[in-house]
Structures are given as structure tokens and as C-alpha cells.
Amino acid sequence: MTQLKNDTFLRALLKEPVEYTPIWMMRQAGRYLPEYRATRARAGSFMGLCTSPDYATEVTLQPLDRFPLDAAILFSDILTVPDAMGLGLYFAEGEGPKFQRPLRDEAAIRALAPADMGKLRYVFDAVASIRKALDGRVPLIGFSGSPFTLACYMVEGGGSDDFRHVKAMLYSRPELLHHILEANTQSVIAYLNAQIDAGAQAVQIFDTWGGALSHAAYREFSLAYMQRIVAGLKREADGRKVPVIVFTKGGGQWLEDIAAIGADCVGLDWTTDIGQARARVGAKVALQGNFDPNALFAEPAAIEREVARILASYGQGSGHVFNLGHGISQFADPAHAGALVDAVHRLSRGYHGAA
Ligand code: CP3
């Protein structure tokens, strides 16, 4: 395996000393980049990008060719897993993801089985192809959805404002939701371990909708399953630790619970003060975040002020991976993303090493 030329991201996740605060951006490969839109047009569709290792490699590298980011993230989607479980994923133009066969009746739920990893081979092939193309430039992040976030899409059949079907199930037929979550958990463990085998050097679990739950429901239906996943993952590959990042959007109130499940790093959305988060859980885990993605609509000078505020709030020392608090908007100006990366690298040097 090629030696990593820049391992700052991996060191920060393990709270080892770094020279500056590393940064990557959630959804860093995406529609805000004209070169992404051009490749997607050539591939014909978003799933055309995901299912072709060559296209997936090309778009994964696009943001790295523009900005000096400290990590690459596999280009794919969390919904490939329920698709492999037979739900029939499709993207209706301008409407986001949808499933042909959402889980609405008991018989369909009882028949649900963990995903066959053979159907996800295109993802593992993409991981291997991206690792090769990166040639050690920066580490590659693999990812999956959390069992609960996947279940939201599987039961609702697509995105939702109120999650009425999945919440009705949670409160009136909890055993059915647990059955789905069990199948998802087994799938995600196998899926992430296969990504690690194929070359992923860190993994992130996206729990986008866990924050929509009550605290009690969050612990029972989201966190408990993520804890099982963390316990089931390979934590070392090629003689190096494979750090695990857990990101529950809206989970700022529950940081102590989240930091206790055994992950190396907890992702924060922008509503939490990162300095306060560090005081609460910084001894246990590294923190990732937490720039408001919509602050990228402001001018570069304002972006830089906000970067300075977040870096000062985290304070001296390692254990911080800079990121957005959620995915970058398709309407963001790439030049502003560049200003963000530059400001993080420039301003963070003062927080590391001998003062
Ligand atoms: O971060 C990256 O650059 C890696 C790629 C990535 C995508 N989706 C590509 C994508 C990752 C990590 C995801 C995760 C994902 N997918 C999540 C969890 C993170 C989050 O954003 O909360 C969720 C909930 C999904 C499900 C999903 N996929 C939705 C809701 C949508 C539509 C939203 C939108 O922006 O239109 C997608 C489609 C999708 N996944 C796009 C991309 C680049 C846009 C597709 C396009 O090109 O039209």
C-alpha cells in the first residue's frame, strides 16, 4: 500500500498532534461544482455515477483537484443499502430519492433480510479504484447511513417533513421497527467492513434523522444500533487504526450518550457550541464540525470571521476535524468553499504545536 502523504485527518481523529486543523466538507463532491454536473450529464443520472467505479472515482477527486482538502469521501449514497435489500431506489428529477417498494405492511417487513453484499460490489470496486487514484494524497472515508436514518427512507418511501409512517410504527408497532433496524444493522456492519477491506481508511455513520426523535426513542431506536455497529467494525487495516465518526444531526443535547458508544469522533451540526461540546466530551472523543453550511452564502471575509470563531471556540490542541455542520448546498459558490478551506488551514496553525 502507498504511504499516505497527508495523514493530518487521521491523526486529528485520534487526537494525535497535528500542524493545522484538517478539513473536508460533507457532500464535497456534488452539484455546486460545474465539473460534477458535467460528469453527471455524461453518466446520465446520479445512480449512473454511483454504479460506475470510473465515474465515482472521477467525481470523488473533483473537489480535491480544486481545494487542498485533507480527506476524500467515497462518492455513493446511503440508500444503496436498502436498494440492495430489494426496495427499488430511484431518483425522480428534482424530487430526491424514492423507493418503489416502501415497507408498509407487516408481511413485507417480516420478509426483509440483510443486504447481499454481492449486490453492492460496485461500491467496493469504487473504493478500491478511488484508493488507487488517490495514490496516498489524502485518506479515503467510507460511509453508511445509520439503521434508523435508513429506516426513515425505507418506511416513508422517500424524504419526509414529519416522518409520520415511521413514527406511527415506532409508537404502535415497535417490534416491527426493531425488525427493520436489526436487518439494517447487520447490513451496515457487513457493508462498512467490506469498504474497509476495499481500502476505506476511516468511516462515518450518517444519522441524519436521529435528531427528530425523543431522547428515549433516540437511545432505543438509533443509538443502541449504532453502538452495535461500532462494536462490529474492523478498527485496524494495514497496521493503522480505522477511526469511526458518528454524526447525529440535531444530537447536540445528547453528546455524552453519543460519545459513550465507542466511536473515535462525534460530528456536530452548527447549532452546538464546539467549545462547550469539547468541555463535555472532548476527553473521550474527537469532534468534527461545525460551520453552518449556509454561511457559505456570505462573502469570504464573513466566512473567515466564522472560521476564526469556531477555531477559537475549540481552542488549542488536536482532536478537531473542521467540517460543515451538514452537506454543502447545491447553490454554494465554489470560490466560497475555497475561501473556507484556505481560512481553516491558515488560521488554525496558531492553535497547534509550540505557541
Ligand atoms: O459527501 C460526499 O461528497 C459523498 C457523497 C454522498 C452523497 N450522499 C451523494 C449525493 C454522501 C455521503 C451522501 C449521504 C446521504 N445521502 C445522506 C446522509 C447525509 C445527509 O446529507 O444528511 C442522506 C440522507 C442521503 C439521501 C439522499 N441522497 C438525499 C436526501 C438526496 C437528495 C438530496 C439532494 O441534495 O438533492 C440524495 C442524492 C445525492 N446524494 C446527491 C449527491 C451528490 C445529489 C444527487 C444529484 O446529483 O442530483
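Positions of Cβ are set from backbone N, Cα and C atoms, glycine also.
Mapped onto three states, the DSSP output places R31 (substrate binding site) in coil. Close to R31 (substrate binding site) in the fold, though at least 6 residues off in sequence, lie R37, R40, Q330, each with a CB less than 8 Å from its CB. The annotation substrate binding site is assigned in TrEMBL to R27, Q28, A29, G30, R31, D77, Y153, T208, H326.
Summarising the annotation, TrEMBL assigns site 'Transition state stabilizer' to D77. Mapped onto three states, the DSSP output places D77 (site 'Transition state stabilizer') in coil.
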Worksheet item: Under a threshold of 6 Å between Cβ and any atom of ligand 1, which of the recorded positions R27, A29, R31, D77, Y153 are retained?
Response: R27, A29, R31, D77
Response to the item:
All chains considered, the count of other Cβ atoms within 10 Å of the Cβ of Y153 (substrate binding site) is 26
Discussion item. Same chain only, sequence gap of 6 or more: which residues have a CB within under 8 Å of the CB of A29 (substrate binding site)?
Written reply: Y36, V59, T60, Q62, P63, I73, F75
Worksheet entry | Inter-residue Cα distance where the pair is D77 (site 'Transition state stabilizer') and H326 (substrate binding site), in Å | 15
